[in-house]
Amino acid sequence: MGFYGTLKLIFYKMKRKLDHGPDGRLFPSGKKHCKGSGYLSPSSLVQAPPTTFGDLRLANGHSAQRRRVASGPPPSGLQDWLHTFQTWSGPERLLALDELIDRCETNQVKHVMQVIEPQFQRDFISLLPKELALYTLTFLTPKDLLMAAQTCRYWRILAEDNLLWREKCREEGISENVATSPVSPWKSSYIRQHRIESNWRRGDAREPMVLKGHDDHVITCLQFSGNLIVSGSDDNTLKVWSAVTGKCLRTLSGHSGGVWCSQMAVATVISGSTDRTLRVWDAESGECTHTLYGHASTVRCMHLHGNRVVSGSRDTTLRVWDVSTGRCEHVLTGHVAAVRCVQYDGRRVVSGGYDCMVKVWDPETEACLHTLQGHTNRVYSLQFDGVLVVSGSLDTSIRVWDANTGGCVQTLTGHQSLTSGMELRDNILVSGNADSTVRVWDVRTGQCLHTLQGPNKHGSAVTCLQFCRGLVLSSSDDGTVKLWDLRTGVWLRDVVALQSRGSGGVVWRIRASDTRLVCAAGSRNGTEETKLLVLDFDLEDSRQEAD
């Protein structure tokens, strides 16, 4: 057995003696000898180990002579014993050391440890070329990297390497570097995203910003883009708000009937009304750039993609409009009852109506490519990702269709009432229902992964939902907005709880970005003022913007 093997056995025997005491029993917790944080197993230090402990000290830059214990003259026969020890083979030396350690008192074992252990505390990171040191650090978690940066100045330089943190950001799905730190902007981005995630999940003591408007009317639609919020109401108006200051920047007036639906891209807003028109607005100036005439009844739904918006009406038709010119390019006819929901991906239009039908259209030819039959009651909600169509109905079922063939791929059952809202992303569907539950589905298998309920479930119909950052947000007629973990289905907290919750308070709509949540709330019986609530989870940035 080589030099390192011998020392390794010594360490094991001495540590066991220190941990267990002379009688072999384990010391109570907190009484054990603790190795230094820089301890490394001897076998991992060098490839060509020294042959004696003196050689090791020289290799570590120490003098071959060390301070001896001043305890009087050496015992008689010591030199003969040492000479005999040197003549023994490796296994014989180990046996002798084993017996010797067992006969040592605790303070004697500690002395040997104090002599030997420092020789194995090596800063191996500093000994490596920088490229290898950085590669080694990539195996650490971000939390461990932050701790490593406190070790010494050189480790701090390595642990703040910008490319190292770029890799950590990539692992976490952080693709955009918005930090301004001159040292390690990717590290700053990671820490910022971690702070935002923590604020979402655990909350903050600050109260949400309250934006009051629309008197006691219902907020029927809500849009959120950048720092602008646009709310539409049955009071015939839309209002543009600053998400930073909470001020109402302007009121968009012009409709002669209630606003029922809207879409927004950057500063362009499109609204649909019971007055049978659509209007295109510039949210920055408040100007109505176009009024779109053509529908013969209420405009109930719309979907914007690029420079085109598709609207669905109670007149049973859909219309395709050019937003920049205000011109109606196509009219899609085929439904025999009101069109309630629509999706448009720039190539195909999908619509659902009160005639229980879902239709897939080619807007250029105005042809109905497929009529998806299977629902037995009104279709209220749709999702379309270009491949799959998902429809939610008053018949309690959700159906998944192949947009190319028109075939029904899955029928998702479990809800007990109307599916009022859905979100589909990467084959994961989240559905909100009037039965007060939210369900998470795998649309490929038809499996219900989670039902978001339990003791903290909603007490009334789910009105709106959204999922992002691995979280599900759901609002309800019960006056709350709840936050759930998408992966586990576990309730995390109530993000919003109105004072009048359970007695008339309602959260009608929610919209969320990575850093903000906007809620439209009020009541149907006068117990809660109509208002918007804005919660900012990027607290540091919000203070800077306000300043």
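Glycine is treated like the rest: Cβ placed from N, Cα and C.
Taken residue by residue, the domain 'F-box' (122-168) breaks down under DSSP into 33 helix, 0 strand, 14 coil. Among the features that TrEMBL reports, domain 'F-box' is placed at 122-168.
Positions annotated as repeat 'WD' by TrEMBL: 225-251 (among others). Counting same-chain residues at least six beyond the ends of the repeat 'WD' (225-251), those with a Cβ under 8 angstroms from any Cβ of the stretch are 209-211, 213-215, 217-219, 257-262, 264-267, 269, 271, 273, 281, 283, 286, 511, 516, 518, 520, 530, 532, 534, 536, 542, 545-546.
Across the residues of the repeat 'WD' (252-291), the predicted structure has a mean pLDDT of 97. Under the heading repeat 'WD', TrEMBL lists 252-291 (among others).
Within the chain carrying the repeat 'WD' (292-331), a Cβ under 8 angstroms from the stretch's Cβ atoms is held by residues 257, 260-265, 268, 270, 272-274, 276-280, 337-346, 349, 351, 353, 355, 361, 363-364, 366, all 6 or more beyond its ends. Here TrEMBL flags 292-331 (among others) as repeat 'WD'.
The repeat 'WD' annotation in TrEMBL covers 332-371 (among others). Under 8 Å from some Cβ of the repeat 'WD' (332-371) lie the Cβ atoms of residues 297, 300-306, 308-320, 377-386, 389, 391, 393, 395, 399, 401, 403, 405-406, all in the same chain and six or more residues away from its ends.
The repeat 'WD' annotation in TrEMBL covers 372-411 (among others).
Tertiary proximity for the repeat 'WD' (412-451) is limited to same-chain residues at least six positions away from its ends with a CB under 8 Å from its CB atoms, namely 380-385, 388, 390, 392-394, 396-400, 457-467, 472, 474, 476, 478, 484, 486, 488-489. Annotated repeat 'WD' per TrEMBL: 412-451 (among others), in sequence order.
Feature annotation from TrEMBL assigns repeat 'WD' to 455-494 (among others).
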**Asked** Counting only residues 6+ away from its ends, which parts of the chain sit with a Cβ under 8 Å from the repeat 'WD' (455-494)?
**Response** 197, 200-203, 417-418, 420-423, 425, 428, 430-438, 440, 449, 500-502, 504-514, 517, 519, 521, 528
